[in-house]
């Protein structure tokens, strides 16, 4: 029987750990650092920080961990995979060189240009005045991006030149390189794929909701909810995404000498002229993972082991239901949040920034939990989730009431 270590402590890692626990080959799932909400599902949490690579390697060796799965982007960008590989331990995730596809927007844009992968035109700037001058000459809307990792909050779609100038000034406070990108109109979606060398397993499509408030108002967040599959993303669109983006990305990594075992997450947009890449992430999305992995009907542990050994995995996904999840966050999110706010306990939820005990959880950060449901249609799945939330004592926690609404423009219950 196998022991699995999941690195991270959020709702995504809770879902990954539950999927690993469902494997008949797995005896124990550890999560470092995890959170108290995970303990409710029999996951063993560890007092080891996700950036303490030496501590994680020592634990993996001492507890005969056969597979480590990395959830968040920050340890990947810092080289956790290289560290584990140097210690001879099996780990699923991109090495530090490949992780630049997410950790540097400039690296990603150059990669897409080199390998003819469709994406918006852009210019990069290293000093404020030239960026402001260029922005002023361009039409709006325009997209301002920080080069490095920004927890999903490093992008501004500016609808006026004044807003663009303010975003550029803010961006240069945290980054030495800023990108100004042409705005592309279309329908956004997430397409993730588990990759091992030239082999891959495609996940169902998903759409997350980045803005804090209903009708896509308010500030950007890490994500306030998601649903899957996305009705507007037809089999023909998926085929186009595979042919023009996913397979060229996998081939491009190989051509550039970047060995790859991990997740490629395409933040895609369906435009009038086809699918384009908005951004790459090299890890599973949060909150999408929480409504994607429950759709897997195969052994998740075996899928990952096969990919690590560069074998084609058997990954079967359900095709008859829609899965939908709503994130609940502490008051103040995505700004400074109130700690110690009571968080309801409910079976099946995925917990994130919580403290306390498994039976008495309290907020310890921004997003605290995600409530999910599945049903034969998107409308029914949405209804089921909000009925669950209505029965919880959510108190001062904040959440959106319209998750899934975008998908309904193409569906009827």
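Placement of Cβ uses the backbone N, Cα and C atoms for every residue, glycine included.
The domain 'ATP-grasp' annotation in Swiss-Prot covers 109-309. Annotated ATP binding site per Swiss-Prot: 135-190, in sequence order. Annotation source Swiss-Prot lists Mg(2+) binding site at 279, 281.
Feature map: Swiss-Prot annotations on the structure.
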| residue | record | DSSP (3 states) |
| --- | --- | --- |
| 135 | ATP binding site | helix |
| 142 | ATP binding site | strand |
| 149 | ATP binding site | coil |
| 156 | ATP binding site | strand |
| 163 | ATP binding site | helix |
| 170 | ATP binding site | helix |
| 177 | ATP binding site | coil |
| 184 | ATP binding site | coil |
| 279 | Mg(2+) binding site | strand |
Quiz item: Where residue 156 (ATP binding site) and residue 279 (Mg(2+) binding site) are concerned, what is their Cα separation in Å, rounded?
Solution: 13
Practice problem: Measure from the CA atom of residue 279 (Mg(2+) binding site) to the CA atom of residue 135 (ATP binding site) and give the result in Å, rounded to a whole number. | Solution: 21
Quiz item: Counting across all protein chains shown, how many other Cβ atoms sit within 10 Å of the Cβ of residue 177 (ATP binding site)?
Solution: 18
Quiz item: Same-chain residues six or more away whose CB lies under 8 A from the CB of residue 170 (ATP binding site)?
Solution: 156
Quiz prompt | Averaged pLDDT score, the domain 'ATP-grasp' (109-309) | solution = 94
Quiz item: Around residue 279 (Mg(2+) binding site), which residues of its chain at least 6 apart sit with Cβ under 8 Å of its Cβ?
Solution: 102, 105, 108, 155, 267
Practice problem: Within 10 Å of each Cβ, count the other Cβ atoms, then let me know which of the binding-site residues 142, 163, 281 comes out lowest. | Solution: 163
Quiz item: Can you count the other CB atoms that lie within 10 A of the CB of residue 156 (ATP binding site)?
Solution: 20
Exercise. Compute the C-alpha separation of residue 163 (ATP binding site) from residue 281 (Mg(2+) binding site), stating it in Å without decimals.
Key: 26
Self-check item: CB within-chain contacts under 8 A for residue 149 (ATP binding site), separation at least 6
Solution: 73, 74, 77, 102, 103
Quiz item: Given residue 281 (Mg(2+) binding site) and residue 177 (ATP binding site), what distance in Å do their CA atoms have, once rounded to a whole number?
Solution: 19
Quiz prompt | Other CB atoms within 10 A, centred on residue 135 (ATP binding site) | solution = 21
